[in-house]
């Protein structure tokens with residue numbers, strides 16, 4: 001089992017301009033994510049959710065404290081962590097199969113082997129016939145599936161997901177939430193996902209971490225079992241309609257409202 005850990009990790013943006021003040025974005029974050037866990041981070045704007053993901057990815061380094069993978073300090077991006085953004089960031093001049101195979105090409109895998117592996121991954125994400133299609137021929141949901149397949153190509157220990165479904169319509173988003181859970185289970189990786197949606201957090205998470213804003217601090221770390229219900233075969237619509245789901249949704253809404261200024265929350 002691998003573990004991604006934040007130990008007293010703080011992030012400070014330096015002052016800008018003569019009269020600017022340094023900004024404390026994240027304050028003494030203590031958090032761990034293990035393989036086999038799906039941890040979802042929620043919080044208001046200004047709580048540092050994306051900054052937290054950037055630290056995990058190695059795009060930024062903490063100003064204080066440390067972020068480590070299996071005890072080794074993270075000093076930059078690595079193939080043991082794969083990032084999926086809201087924007088699919090695919091290469092439009094390549095077809096879907098070659099997009100998925102691109103990380104394998106960088107690793108030096110031969111063409112025949114990487115194309116075979118890309119085909120396996122496209123089948124995993126439900127797109128076995130899409131390999132020769134150009135990216136601009138695919139719907140938004142299909143592009144995100146290709147992006148997730150590409151992220152899995154290097155067999156990362158952790159998937160880092162920055163609102164990967166946020167730009168999709170409600171129906172496609174709901175369908176891909178169940179798909180994402182299934183892919184995570186089959187990949188046997190750990191997952192750290194950022195979202196504004198309490199509903200999405202409850203459906204996907206094995207643990208929900210709530211960040212308070214300005215600066216971002218861990219306000220709560222709560223286990224959740226609804227994802228296990230869905231993976232066991234319960235329809236997401238029935239899970240959403242359950243009294244337990246509604247109680248936890250209301251509780252999280254109240255918590256987030258209590259720790260930040262009034263503003264609209266995503267359902």
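Heads up, the Cβ atoms here are built off N, Cα and C, so glycines get one too.
Some features that Swiss-Prot has for this protein:
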type: BINDING; residues: 43, 44, 45, 46, 47, 48, 49, 50; note: ATP binding site
type: DOMAIN; residues: 6-238; note: domain 'ABC transporter'
Protein Cβ atoms within 10 Å of residue 49 (ATP binding site), excluding its own: 24
Residues close to ATP site centre defined by 43, 44, 45, 46, 47, 48, 49, 50, Cβ within 8 Å: 211, 213, 216
Sparsest Cβ surroundings (other CB atoms within 10 Å) among the binding-site residues 45, 47: 45
Coarse DSSP state, helix versus strand versus coil, of residue 49 (ATP binding site): helix
Least Cβ-crowded entry, counting other Cβ within 10 Å, from the binding-site residues listed as 43, 46, 48: 46
DSSP state at residue 43 (ATP binding site), helix/strand/coil: strand
